[in-house]
Amino acid sequence: MTDAPPTKRKCLGADCDNDAGSLQCPKCLILGVKDSFFCSQECFKRNWNTHKTLHKQETSIFDRIFPPKAVSKPDPETGYYNPFPNFHFTGPLRPVYPLSPRREVPKTIPRPDYAEDGMPKLGRSMVRSNKVELLDAKAQAGMRKVCKLAREVLDIAAAAVRPGVTTDEIDEIVHKACIERNSYPSPLNYNHFPKSVCTSVNEVICHGIPDNRILLDGDIVNLDVTLYHEGYHGDLNETYYVGDKAKADPDTVRVTETARECLELAIKEVKPGTLFREFGNIIEKHAKAKNCSVIRTYVGHGINSIFHCPPNIPHYAKNKAVGECKPGMTFTIEPMIALGKYRDVTWPDNWTSTTVDGKKTAQFEHTLLVTETGVEILTARQANSPGGPVAVPTTEATTNGTN
């Protein structure tokens with residue numbers, strides 16, 4: 001059963017400007033999605049091929065609402081525990097719970113539409129069109145501002161990376177830095193994500209949830225920061241070495257620097273007329289030359305007043321992405337590169353994505369603006385930004401290498 005849609009609810013059909021009626025997608029009803037109303041049966045059928053692609057994502061969103069049932073007992077001395085004791089982890093990393101309470105954002109700070117209920121009303125979960133927005137001068141200025149702030153926050157968080165620090169402590173640093181800049185941390189409650197930053201360690205590809213695990217000498221950690229400021233999102237991430245042991249391991253450095261180089265090479269080709277599908281060809285060619293693989297599940301994305309929107313930017317070769325770069329577009333490129341196989345496994349938290357073989361993976365991301373003559377890297381590194389390239393050690397490769 002459905003409730004009648006509220007007054008002036010718009011039809012979900014792509015490019016349909018009609019008000020919605022009481023017709024709702026039956027699959028969405030099963031998934032518990034309450035806002036997928038259409039104006040007519042004909043409009044629903046006409047948009048089915050586009051609309052049905054949302055169901056897989058909405059299933060994941062639905063699952064995230066419910067906590068996993070299998071938990072181990074807290075350690076009597078520390079209170080920490082592994083919430084998924086029966087899960088077959090692919091590598092040595094384990095979650096360390098309990099998570100800290102959700103951090104609060106002052107009500108005076110403007111927030112995106114999902115901040116309260118966790119459900120984005122625009123973008124991929126409720127996409128109305130595959131049209132890529134071209135930003136005017138005012139919107140471009142807004143994107144420059146938020147991306148500059150996002151870079152500041154990432155650099156502050158990166159300066160705290162060292163052995164012995166927990167990823168939850170990094171989350172607190174990011175959260176406070178966002179608040180100080182009158183900005184909302186975009187990941188917080190996006191599709192019910194519980195934290196203000198993604199911290200992805202070692203075999204975690206992306207979407208790692210900050211917890212009480214300490215960073216160890218030899219780890220690598222990706223910090224994925226996004227800010228929402230004055231109506232726009234700015235998104236970037238980098239992978240950092242934890243301690244000297246990480247910088248001394250040839251395979252750890254190889255995968256990290258390959259990911260960095262893949263992004264740099266792809267950005268060089270961003271200009272009007274470049275096809276979106278071409279970036280994946282560039283990235284995979286370089287990754288293979290370094291004996292690494294490219295994760296295929298996750299893509300770069302459009303970003304502006306919406307966190308995730310068209311276009312999709314796949315990072316693997318021979319992809320089917322449609323469209324080309326045009327001046328005024330803002331999107332991310334964010335290749336995820338692995339030492340081993342490209343396939344992924346998701347933890348029972350329905351967020352943390354790891355490599356199927358438990359081998360290390362690294363990622364780098366920039367938000368980009370297509371200009372009349374090329375590209376502007378809105379989240380570019382500053383002269384004093386922590387991190388940066390490291391030369392691959394010349395010693396023998398360790399057992400973490402690819403087969």
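Any Cβ shown, glycine's included, is placed from N, Cα and C.
What TrEMBL annotates here:
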DOMAIN    8-62  domain 'C6H2-type'
BINDING   His207, His308  protein binding site
BINDING   Asp224, Asp235, Glu365  Zn(2+) 3 binding site
BINDING   Asp235, His301, Glu334, Glu365  Zn(2+) 4 binding site
REGION    383-403  region 'Disordered'
Any idea what the Cα distance is from His301 (Zn(2+) 4 binding site) over to Asp235 (Zn(2+) 3 binding site), rounded to a whole Å? 10
Reported as an integer number of Å, what is the Cα distance between His207 (protein binding site) and Asp235 (Zn(2+) 3 binding site)? 14
8 Å Cβ shell about Asp235, His301, Glu334, Glu365 centroid, Zn(2+) 4 site members excluded: Asp224, Leu236, Asn237, Gly300, Ile303, Phe331, Thr332, Ile333, His366, Thr367
Under a criterion of Cβ-Cβ distance under 8 Å and sequence separation of at least 6, what residues of the same chain contact Glu365 (Zn(2+) 3 binding site)? Asp224, Asp235, Leu236, Asn237, Glu238, Leu263, Gly300, Thr332, Ile333, Glu334, Thr379
With a radius of 8 angstroms around the mean position of the C-beta atoms of Asp224, Asp235, Glu365, what other residues of the same chain does the Zn(2+) 3 site pick up? Cys198, Val225, Thr226, Leu236, Asn237, Thr332, Glu334, Thr367
Taking all residues of the domain 'C6H2-type' (8-62) together, what is their mean pLDDT? 65
Given the binding-site residues Asp224, Asp235, Glu334, which one's Cβ is surrounded by the fewest other Cβ atoms within 10 Å? Asp224
When you measure from the Cβ of His301 (Zn(2+) 4 binding site), how many other Cβ atoms are you left with inside 10 Å? 21
Neighbour count (Cβ, 10 Å) for His308 (protein binding site): 23
